[in-house]
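Database features (Swiss-Prot):
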REGION    591-615  region 'Disordered'
REPEAT    26-65  repeat 'WD 1'
REPEAT    71-110  repeat 'WD 2'
REPEAT    113-152  repeat 'WD 3'
REPEAT    164-203  repeat 'WD 4'
REPEAT    206-245  repeat 'WD 5'
REPEAT    248-287  repeat 'WD 6'
REPEAT    290-329  repeat 'WD 7'
REPEAT    349-388  repeat 'WD 8'
Amino acid sequence: MLTHKTCQARKKMQVSFVIRDAEEKQHRNGVNALQLDSNNGKLYSAGRDAIIRVWNTRTESNDKYIQSMEHHNDWVNDIVLCCNGRNLISASCDTTVKVWNAHKGFCMSTLRTHRDYVQALAYAKDREQVASAGLDKAIFLWDVNTLTALTASNNTVTTSSLTGSKDSIYSLAMNPSGTVIVSGSTENILRIWDPRTCMRSMKLRGHTENVRCLVVSPDGNQVVSGSSDGTIKVWNLGQQRCIQTIHVHKEGVWSLLMSENFQYIISGSRDRNIIVTEMRNPSNKMLVCEEKAPVLSLGYNIDKTGVWATTWNSDIRCWKLPMYDRCTLSSGGMDAQWTMGGTELACIKGGAAIKECTVLNDKRYIITKDSQDQVVVYDVLRVIKKEELGPVDYEEEVKKRNKQVYIPNWFTVDLKTGMPTIVLGQEEVDCFAAWVSIEAGLPECDDPTTEIKINYGKLLLEALLEYWTPPHSMPPNEMEPDVRGNGYFQVPKHTPVIFSEVGGRTVCRLLVRDAAGDSESTLLHETAPQWVTDVVIERNIPKFLKIPFFLQPHPQMTKPERTKKDRLVANEFIQCRKVCEHVLEKVLNAETTPSGGNANNSLQNSQSDANSEGSQLPAEERIELWCNDVIVDPNMDLRTVRHFIWKQSTDLTFQYKTKQNFNFDGK
């Protein structure tokens, strides 16, 4: 027996968020599973966009959307309705199993017992028992009545574990009375347990590839399995053997649905076909329809005259089923049969999934292309969609919008759900690496002569957690106003923010606006990593990244006798005009004035006298910088020069020379 608790050991963490609309009424990716509540006609769909949606199948309207159920942050792989439709259980690639109030659509509790993707669920209606299984090879049994009674204070639940699986589990099934549980895995075998004793009773061999779907007969005597090997097999558990192998698909069988009398099989395949087959006479089969993409899930409509089908695409379609007594082959044989198509009874349209993404050189904007060839520009810093460009040439737009500027990577983009998920961390990519000038499109400061540098990662974290007030924090001093956010902008309040282990499990998920809640604030206090609290709560400034470089006279200098090569260190975002100012003020004056400054000083404190009395032109119009035989634009910063012009692993080297009509006396 295992005990589940919500506490977590502190590990390396990352923060992610999704750029999306406040309400996403359409699935934005494939749909993995369906459940129909026959009492009210509500259809529940589990999306690869991490959202469970609820649809009204009784309405003739095209808008069947009722509500979304959101708390997962990765593919929802399976769902089951239980307690006569009052509750729903979901399994996800975020490694959690969640318990929902199906009518109101909110998450009641989260189970974190699995250590990897949770792929499948099974439900015993008569016992109100649910089983979960996944890539961690584990199967857990849950008492539904116990799960629905969990609260914030009563958050410990005991579960039974079925052991013995040697490979990742992709399919799971139980009969209604809960006397048999069957699992299918990449072992290519079926394992059978008695869930009442948690003892394994047998294993069945016959498939040659992964077992993707399973159905157990109500009496627990038969099992029907579908496999990636393209076959459907019927097993007799009493005889412990396969009694029928059915070949009706050209590719893997991914979904199975049985008639009430357990005599007909409806199968969906990677070959996109949905086929009805008589189990006792497999030659008696009929093509229901050919979908537009591989079939992931099947479910009856409310009167069982049709079947709802989901695929890799985001649409959900209902197809009319042939009458079983007319399910016979035509005289033309198998080839003639395939010309018979099904009638589409209904369609719940899905949205487009983002398939391509490019981070522009400014490391603020990304350009995406979706499954409908629509190109969109997103502002990562402000967490918004900036511009819809339509079906334009994607590569040309990227080329047109990419500037010759180099800013370090400070985030990564994940497109797994079909929506842009931005990931911030401290591992391979440092979210505090991007220091930029105020010219980045943010409000100007009061003093335009002040050169303000901002850190993208710091600003974004401050905006995402603007409403978070840690518990037990000191009340603000009346003389010092309570500082919240970043002072420049706010992000959409509906934005989901996720704290998760690096390469691992989700620890906390909340919306930006909910961070002010007592429970959310406490959870953030317990889970937010130190590098987040340092900038959001402590208001510490991330360290500047510095670049060493050499500075030497150009061979064409009018005083070639000077050959000294100075080594300097400066912040990587310093613009080359500051190097020109340094040359003018410190280096050249050092030659003509005995009290001149030290050329080895850092540039950070160097102030230009180029516009002082007696000087008519700024330093960049009097000093010319060269790198790799290229004249450097004074607006470029050091890291951009190193990336685009220097292109070497050795220290950056500049050569300087005076422009025409300018001598060493600065006249």
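Every residue, even glycine, has its Cβ placed from backbone N, Cα and C.
Comparison of 164-203, 248-287, 290-329 by number of C-beta pairs under 8 angstroms to the repeat 'WD 8' (349-388) places 290-329 first. Away from its own ends, the repeat 'WD 3' (113-152) comes close to residues 2, 4, 74-75, 77-83, 86-87, 89-93, 95-97, 99, 158-163, 165-178, 181, 183, 185, 193, 195, 198, 505, 519 of its chain (Cβ-Cβ under 8 Å, at least six residues beyond either end).
Here the repeat 'WD 6' (248-287) is broken down by DSSP into helix, strand and coil counts: 0 helix, 21 strand, 19 coil. Counting only same-chain residues 6+ beyond the ends of the repeat 'WD 2' (71-110), those with a CB under 8 A from a CB of the stretch are 6, 16, 18, 32-35, 37, 39-40, 42, 44, 46-48, 50-52, 54, 116-123, 125, 128, 130, 132, 134, 142, 144-145, 147-148, 150, 155, 416-417, 421, 496, 498, 500, 504-506, 509.
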